[in-house]
Amino acid sequence: MEAARDSMAALLDAGIFDSAQTLGCFLVSSGGASNEASISMKAESLVLHGDALYGEKEFRRALNAYKQAMQCSKSIPRQATSTARISVSTTGRSPSPNSSNVMPFNENEVKSKIAICHSALHEYREALQEMEGIPSKMRNLKMNLMLGKLYRISRNNRAAAICYKECLRQCPYVFEAIAALAEMGLSSKEFSLLFAQAPNRGGKPPGDFLDAQRWWNRYVEAQCCIASHDYKGGLDIYLELMQRFPNNVHILLEIAKVETIIGKNEEAIMNFEKARLIDPNIMAYMDEYAILLKLKSDYTKLNKLVHDMLHIDPARPETCIALAAFWERKDERKALTYAEKSLRVDDRHITGYIMKGNLHLSLNRPDLAVTDFRGAQELRADLRSYQGLVRAYLALSKCKDALFTAREAMKVMHQSAKALKLVGDVHAISSSGREKARKFYESAIRLEPGFLGAALALADLHVAEGRNKEAVLLLERYLRQWADDSLHIKLAQVFAATSLLSDALSHYQSALRINPHNEAAKKGLERLEKQMKGVDPDAPEDEDENEADDVDGDQDDAELL
């Protein structure tokens, strides 16, 4: 069966896993003598069969094949297996057998494959046990990276950091290790020491090495800034790197992701669109882009994005989140099923927890939302998870928990206007806390004058205390510098509340000129027109109108499909 084994190795190298696993069934069931060579060949055949099953994403069957191979290897004398430990092919599989030698068996490589299968099945404890069974001196780059991830999942950050550092000593361009170590608090200086320890592959000239180190150091500094919530510092460095590497899709997406977190939605949308122009099949962070389009009520672009993502890869968690964003307007429960599906695909997908938490809030289940936002924070705390937690606690009337969470955000995110506003939001809930809320909102505005969220919240506070004139003056002052649809909508609401209906009408129309898709402006305008006609805007609509709305919804569904 030696020729068949060689053919199976060729099938695996070519990625023809279906035929490889069928051939594997013949190899592993082949009878023969029970001598040392045949047992070794059986073990090797089981490993190859496991590789084919893994390629077909049949992880449980692959796991069983690898474990059988390990069981077989125990029958092989130590002399034979010791040869195997130093004999590993460049593809990560043991070399194909030949007639003159005992088949080599790499026990550590198979342990690594068993761990990868356990990890694919979300059995992280079992995966960690297998990886820890590999001696540290025998671990290659891939094994160290895998072990670092598993230690991090088990919250053993100290052990994870050791593995990630070893990855960077072997190759400084393991960007997953860079991001993880930055989040664990490694300084830029410590990163530079690791870069210096990395081998100079191919004996590159000193100038080339120094150039690589310069941009690598700047990239690391950006990661460290963002991990410590210094978003402005991180953005500045990324923009500098864009000058050195124009049209770099990865940097564009990183910029857009940070802009999303800090609420610069228009800039983020623009950068996501730039990335898609360069690479129309990009999937990373496209769920974030989908959420922004939903917030903007740009359902035409959202529909197109979801259609494209379904065509590229319907099984990705990003696709599930994009579908959740699409369905949220029409069927929140259906949107929730897609958010849950994204976490079944990848239980460490942070955006999945954020989306699920926001949907639970919309469905009036703040208790479940708390669990979702906590799940996001355990993976990586950012502004959105803090904002979600505060909203959930306030919905549960747990004002102390909400205040504690908002203050925690303020401590973690130094000099963050968004965190200051979050504390103000908690104080604004009670009439006794409004003065404190006002101070926090004003501090947020002083810190970041262009932060419209704080200005809108302060305007709401003025209205709540009957200071409508102050609210109008504040919003008009902002409008002179920023032509934003949310400012026009807030002004329209203030004017409508004070019966200045023509002024309210003008601002709703201005909001729709800026953003024709704005749902809040459309609903506000519809309500205002009823008021101007002397009709009660809260009166139930006729059944015919409701039926017409349903027809429109059906047309939208058909368009997506």
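Note: Cβ is positioned from N, Cα and C throughout, glycine not excepted.
TrEMBL labels come from automatic prediction, so no person has curated them.
Copied over from TrEMBL, here are the features:
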- 77-103: compositional bias 'Polar residues' (COMPBIAS)
- 524-536: compositional bias 'Basic and acidic residues' (COMPBIAS)
- 538-561: compositional bias 'Acidic residues' (COMPBIAS)
- 77-104: region 'Disordered' (REGION)
- 524-561: region 'Disordered' (REGION)
- 485-518: repeat 'TPR' (REPEAT)
**OP:** Take the compositional bias 'Basic and acidic residues' (524-536) and count its residues per DSSP category (helix H/G/I, strand E/B, coil), listing them in that order.
**Re:** 9 helix, 0 strand, 4 coil
**OP:** Report the DSSP secondary-structure composition of the repeat 'TPR' (485-518) as helix, strand and coil residue counts.
**Re:** 27 helix, 0 strand, 7 coil
Original post:
What is the average pLDDT across the repeat 'TPR' (485-518)?
Top reply: 85
